[in-house]
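Chemist: Next up is a structure, given as structure tokens.
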Amino acid sequence: MKALLSLLTAVAVATATPLDLSLRALPNAPDGYTPAKVSCPATRPSIRGAGSLSPNETSWLEIRRKNTVQPMTDLLGRLNLGFDAAGYIDRVSSNASNLPNIAIAVSGGGYRALTNGAGAIKAFDSRTQGSTQSGHLGGLLQSATYVSGLSGGGWLVGSVYLNNFTTIADLQSGDHGNVWQFSTSILEGPKAKHLQFLSTADYWKDLLKAVDGKSDAGFNTSLTDYWGRALSYQFINDRTGNGGLSYTWSSIALTDPFRRGEMPLPILVADGRNPGELLIGSNSTVYEFNPWEFGSFDPSIFGFAPLEYLGSRFDNGQLPRGEPCVRGFDNAGFVMGTSSSLFNQFILRLNKTDLPDLAKDVFSKILTAIGRDGDDIAVYGPNPFYGYRNSTAAYSRSRELDVVDGGEDGQNIPLHPLIQPVRHVDVIFAVDSSADGPYSWPNGSALVATYERSLNSSGIGNGTVFPAVPDVNTFVNLGLNTRPTFFGCDPANLSAPAPLVVYLPNAPYSTHSNTSTFQLAYSDSERDEIITNGYNVVTRGNATVDKSWPSCVGCAILQRSMYRTNTSMPAVCNSCFKEYCWNGTVDSKTPRTYEPTLLLGSTSTNAAYTQGVTWLVGILAVGVAMGMTA
């Protein structure tokens, strides 16, 4: 393991010019990256059942739902619905369960997902200049209760929240140190203004030192630890200059703005992998990280651990007397890295890339070796669910819990936390930046995976209901992969309450935003062009593609609420639902290759499907060093 990291260090040094590191900014870990023993609270931490929301989330929701009333009133009032939206929200606001309950989900897909998703968040944020003008959707973020992300979408969610719920514009501007400076690869390290590191070699030594500290304290580590530390340098604005070393995911819950309910609840998603498995199936356990807890609603676990005390040695849901409490395990970078442990996924997607055959062969051999040694996962040990409920499941008998990228089960949009009945979500704005086809555009596979899982005969869906969606061929043949589509428009057709899903697939409005998941370096202009394109995706070019789109967004927001309150929908919603709701039509013949053209005028040179050269050179060099190219 350390030999492999040393090789990566050597490769990075050999292919990079000397670099600097700048400063970044919730650190509350007791000993930096190393989890440490601390005094237990008077009520010792324990695992709780997943039959309800946590007391923390329940009490927070009482505050947050009230805080969405005014932003929602303002937003709906701007969307040309032709009825008294403010009056309706005022009438139902006395009972929060009748208010529209909005969620936003941002898919995985590396930096492509980060930047395209950032465009969506920027469009939904009323703080973005111009976002509350006619044709725009600013205020949807302020009206939302939940925001979920996985993999690259998780980096986006994490970076926004760990930098004090900052704006996308601020992250682009450089006002937060050197976060979001992607012109150099994560393998090389960030550019430095404050010269903490003089070179890439120093950067890698720092990563190694931090992870060694965790290992020396008795915790098993994997490649995800190094990956997470590297991500922190790109996404956390730590003013001490040490790359978010002491930042924890649970510390989000301690910030005053979050406690006041001034922002949605952030959730990251990851998948479980049983001991001895390499590939992740559709019935794998789906875990979530929210600011208070780590766990799963799936029947395999059906429990949640207090996130702040991960690393403590729980047994059958309790922390035995004599066992110390541990804090600092939920390092923010490690959590983001867990949700984006792409190493296994790279093997699955290699043949869909334009990498040379030699590179594919080398890459496959390296990653297979990593997977065989168990280094491609995030190790959560001690396993907080060891012996929990006296379960016979494989996870319960393992002292460690293996967790991987949240999209490896095919559910590349983090819908799982949002379709749980106890959360009562009404509408999900699902931003899909998946690379499903040969040119890295989405084709609805992520929605299909979630729908099929809800029907799985194994019972893994555990009572969740998801609207019907067509097969992926139909998505492409009907053009549902090119424009927004609503699923679940008529709640009367559902077997139980479920959200309306507004599907927002990545498409080329102003630039070709289908960059490769393998691309690890972006110029500022390329980054910004894809963010602008993402803004255009969710606003339909600020309603220039369809002037009725903002009204239709309002209809999607209101539909479930008005159904519950037996209120007639605005007349404009009839035409909106006719235009955007999937009507059940299926066309499953093999589609032609999807090669779209720009929907709006180009803002840049073509940014289509490119590989990260530094990554490729690094992999080949490692392969040569390991004797894998013979």
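Including glycine, each Cβ sits where the backbone N, Cα and C put it.
This is the feature table in Swiss-Prot:
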- 39-587: domain 'PLA2c' (DOMAIN)
- N95: N-linked glycosylation site (CARBOHYD)
- N164: N-linked glycosylation site (CARBOHYD)
- N220: N-linked glycosylation site (CARBOHYD)
- N283: N-linked glycosylation site (CARBOHYD)
- N351: N-linked glycosylation site (CARBOHYD)
- N443: N-linked glycosylation site (CARBOHYD)
- N456: N-linked glycosylation site (CARBOHYD)
- N462: N-linked glycosylation site (CARBOHYD)
- N493: N-linked glycosylation site (CARBOHYD)
- N514: N-linked glycosylation site (CARBOHYD)
- N542: N-linked glycosylation site (CARBOHYD)
- N566: N-linked glycosylation site (CARBOHYD)
- N606: GPI-like-anchor amidated asparagine (LIPID)
- 1-16: signal peptide (SIGNAL)
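On this model, are these features tucked inside or out on the surface, and what's nearby?
Modeler: Around N95 (N-linked glycosylation site), taking its Cβ as the centre, 10 other Cβ atoms fall within 10 Å, counting all chains. DSSP assigns N95 (N-linked glycosylation site) to coil in the three-state reduction, placing it in neither a helix nor a strand.
Take the CB of N220 (N-linked glycosylation site) and look out to 10 A: across all protein chains shown you find 14 other CB atoms.
Annotation for N283 (N-linked glycosylation site): same-chain Cβ neighbours under 8 Å, separated by at least 6 residues, are R453, N456, S458, I460. DSSP gives N283 (N-linked glycosylation site) a coil state; it is part of no helix or strand.
Around N443 (N-linked glycosylation site), the same-chain residues six or more apart in sequence whose CB sits under 8 Å from its CB are S434, D436, G437, V472, F475, V476, N481, Y594, listed in sequence order. Classification of N443 (N-linked glycosylation site) by DSSP places it in coil, neither helical nor stranded.
According to DSSP, N462 (N-linked glycosylation site) is assigned to coil rather than to any helix or strand. Within its own chain, N462 (N-linked glycosylation site) has F297, D298, P299, F302 as residues 6 or more apart in sequence whose C-beta sits under 8 angstroms from its own.
There are 10 other CB atoms within 10 A of the CB of N493 (N-linked glycosylation site), with all protein chains counted.
DSSP assigns N514 (N-linked glycosylation site) to coil, not to a helix or a strand. The Cβ neighbour count for N514 (N-linked glycosylation site), using a 10 Å radius and every protein chain shown, is 25.
Counting only residues at least six positions away in the same chain, the Cβ atoms of G135, H136, N536 sit under 8 Å from the Cβ of N542 (N-linked glycosylation site).
In the three-state DSSP assignment, the secondary structure recorded for N566 (N-linked glycosylation site) is coil. Applying an 8 A CB threshold to same-chain residues 6 or more apart, the list for N566 (N-linked glycosylation site) is empty.
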Chemist: Let me know how many other Cβ atoms fall within 10 Å of the Cβ of N164 (N-linked glycosylation site).
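Modeler: Summing over all protein chains shown, N164 (N-linked glycosylation site) has 15 other Cβ atoms within 10 Å.
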Chemist: What is the separation, in Å, between the Cα atoms of N493 (N-linked glycosylation site) and N95 (N-linked glycosylation site)?
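Modeler: Cα to Cα, N493 (N-linked glycosylation site) and N95 (N-linked glycosylation site) are separated by 26 Å.
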Chemist: Closest of the glycosylation sites to N220 (N-linked glycosylation site), Cα to Cα, picking from N95, N164, N514?
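Modeler: Answer for the nearest of the glycosylation sites: N164.
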Chemist: According to DSSP, folded down to helix, strand and coil, what is N493 (N-linked glycosylation site)?
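Modeler: Assignment for N493 (N-linked glycosylation site) reads helix.
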Chemist: Which of the three DSSP-derived classes (helix, strand, coil) applies to N542 (N-linked glycosylation site)?
Modeler: helix
Chemist: Compute the C-alpha separation of N95 (N-linked glycosylation site) from N164 (N-linked glycosylation site), stating it in Å without decimals.
Modeler: 30
